[in-house]
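Trainee: The following feature annotations were taken from TrEMBL:
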COMPBIAS  493-508  compositional bias 'Basic and acidic residues'
DOMAIN    31-474  domain 'Major facilitator superfamily (MFS) profile'
REGION    487-528  region 'Disordered'
TRANSMEM  21-44  transmembrane segment
TRANSMEM  79-99  transmembrane segment
TRANSMEM  111-133  transmembrane segment
TRANSMEM  139-160  transmembrane segment
TRANSMEM  172-190  transmembrane segment
TRANSMEM  202-223  transmembrane segment
TRANSMEM  288-309  transmembrane segment
TRANSMEM  324-346  transmembrane segment
TRANSMEM  353-375  transmembrane segment
TRANSMEM  381-408  transmembrane segment
TRANSMEM  420-443  transmembrane segment
TRANSMEM  449-470  transmembrane segment
Amino acid sequence: MKLSENDPAANKEGVSEKKKLDWSCSLIVASLVGAFGSSFLYGYNLSVVNAPTPYIKAFFNETWGRRYGHPIDPDTLTLLWSVTVSIFAIGGLVGTLMVKLIGTFLGRKHTLLVNNVFAISAALLMACSLQAGALEMLIVGRFVMGVDGGIALSALPMYLSEISPKEIRGSLGQVTAIFICIGVFTGQLLGLPELLGKESTWPYLFGVIVAPAVVQLGSLPFLPDSPRYLLFEKHDQAGAEKAFRTFLGKEDVSREVEEVLAEGRVQRNIRLVSVPELLRTPSVRWPVITVVVTMACYQLCGLNAIWFYTNSIFGKAGIPPEKIPYITLSTGGIETLASIFSGLVIERLGRRPLLIGGFGLMTLFFGTLTVTLTLQDQAPWIPYLSIVCILAIIASFCSGPGGIPFVLTGEFFQQSERPAAFTVAGTVNWLANFAVGLLFPFIQKSLDTYCFLVFAGICFAGALYLYFVLPETKNRTYAEISQAFARRNKAHPPVEKTDSAETDDKNTETPGPDPSSTLDNDVKNGIV
């Protein structure tokens, strides 16, 4: 012991060995496979409809003319296209509301597996719509794909937060955001005219969705479910310990089991909290408000507006129209690199600096972009400055606000509260998504380039709120995070009561039971 204390090299080796143990092979495979079949598909479906837009509208027009004997009215075509795009968000809301029921019954892993049924069904509907001459198949397919996204964006972060050690919980949680960005980039890449972005091949853009779903179906069954789910909700002690050993890559998991038991003694029962109960619970009032604020800012911060202006700004900079799709790939590349950067530094810098800094930088660059767009005809170099602002906004978003809200939702709440919390977060996420799609055209029409000042205000308000309210959650257990919120909630979490009770027990009891017998008793008595 003394040797290691006096030997820096030995200490470094110990830290290095600990990191290796944290990132076990099973943990890496579970995160990659889980995200590839879930958040990757969400990101892919955000961008995949952009490239084939003219071909899909031509398909709608042709189908309408064949059925009714006359071309479709332009307003009707616009309505059909708007429904095709926005129904994805409606499906996402439906999927979010299904997660609590499915997740409780099937568990986190099996929820992800069953969710692939929605992905494959949606892919077949959309890919076969042209051959069948049924525009309804494309619209229904988008809705079903939205259901898949709604389930995925709740079940995946929940699964990753419950299988990861607290030392790397943030980095592993960022895998969700990284694969969203990779999905967006892949959709942009496959949409190029040289690949699948042609009139004859656009249905295959949707058929590609089957591949990640099949990969997940073939890989995830060989990995265990969340150990917390197995212990708290299935009362499977042996299965929970085995899952811990698999994900952590070590035999001695007593410390992790004790942490879970400490959380269990706080909650005192395994009954899952409903959404109304969660909203009424004083001890989680500020965590719930914080999740709502971060999720709302995640969608309302204006990134969708950036995509609307990208092509026109690139055109103003003198880039030929036929080259713009290739330049647009740079935005997807910046997204991916920034999200990977966030995943690498989140455990060093923490959640607070990345979130507050991300929203703060977005405020700055949105303000600069408003100025450059207003003055873009005054000098030939100003449009290039607008391009720099666009890339900076995307990088600022993906380095923090683009993924950390999903991590925080998993970190703020105890096991019995987590499904309801993800339902609240997902509902806010998809409603805000739908609101942006519905209201942005009107905001843009009324304010033109000044619409970015609205988003700058939202980003500034989000950064200000998080600066005063958000505690740092890096390397903290769920109980410690609850304590950090306790003063603001003005309602102490149950841990204090439990601690005093345990102190009394220790004063009156003879030698205490060993940890394994405590685990047995807690599970048998339904104490969580």
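Cβ atoms here come from the backbone N, Cα and C positions, even for glycine.
Nobody curates TrEMBL annotations by hand; they come from automatic prediction.
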Trainee: Quick test of the contact rule: Cβ under 8 Å, at least six residues beyond the ends. What residues does that give for the transmembrane segment (353-375)?
Mentor: 294, 297, 301-302, 309, 313, 342, 345-346, 382-383, 385-386, 389-390, 392-393, 396-397, 399-402, 404, 449-450, 452-453, 455-456, 459-460, 462-463, 466-467, 470
Trainee: Do any residues, 6 or more residues outside the transmembrane segment (111-133), come within under 8 Å Cβ-to-Cβ of it, and if so which ones?
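Mentor: Beyond its ends, the transmembrane segment (111-133) has Cβ neighbours at 34, 37-38, 41, 59, 63, 66, 95, 99, 102-103, 140-142, 144-145, 147-148, 151-152, 155-156, 159, 202-204, 206-210, 212-214, 216-217, 220-221.
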Trainee: Please work out which recorded stretch in 139-160, 172-190, 324-346, 420-443 has the most C-beta pairs separated by under 8 angstroms from the transmembrane segment (21-44)?
Mentor: 172-190
Trainee: With pairs fewer than 6 apart in sequence excluded, do the transmembrane segment (288-309) and the transmembrane segment (79-99) have three or more C-beta pairs that lie under 8 Å?
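Mentor: Between the transmembrane segment (288-309) and the transmembrane segment (79-99), which are separate recorded stretches, there is no contact, as judged by 3 or more close Cβ pairs.
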Trainee: Under 8 angstroms, Cβ to Cβ: which one of 139-160, 381-408, 420-443 has the largest number of such pairs with the transmembrane segment (172-190)?
Mentor: 381-408
Trainee: Find the member of 139-160, 324-346, 381-408, 449-470 that has more C-beta pairs under 8 Å to the transmembrane segment (420-443) than any other listed stretch.
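Mentor: When the Cβ pairs under 8 Å are tallied, 139-160 comes out ahead.
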Trainee: Quickly jot the same-chain residues contacting the transmembrane segment (381-408) by Cβ under 8 Å, restricted to those at least six beyond its ends, or write none.
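Mentor: Same-chain contacts beyond the ends: 153, 157, 161, 169-170, 173-174, 176-178, 180-181, 290-291, 294-295, 297-298, 301-303, 306, 309-310, 313-314, 316-318, 330-331, 334-339, 341-343, 346, 351, 353-359, 361-362, 365-366, 368-369, 372-373, 375, 425, 462, 470, 473.
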Trainee: Within the same chain, where does the transmembrane segment (324-346) have neighbours whose Cβ lies under 8 angstroms from its own Cβ atoms, ignoring anything closer than 6 residues to its ends? I mean 6 or more beyond.
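Mentor: 47, 51, 170-171, 174-175, 177-178, 180-182, 184-185, 188-189, 191-193, 197, 306, 310-311, 314-315, 354, 390-391, 394-400, 402-404, 407, 474.
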Trainee: On the 0 to 100 scale, where does the mean pLDDT of the domain 'Major facilitator superfamily (MFS) profile' (31-474) fall?
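Mentor: That stretch averages a pLDDT of 85.
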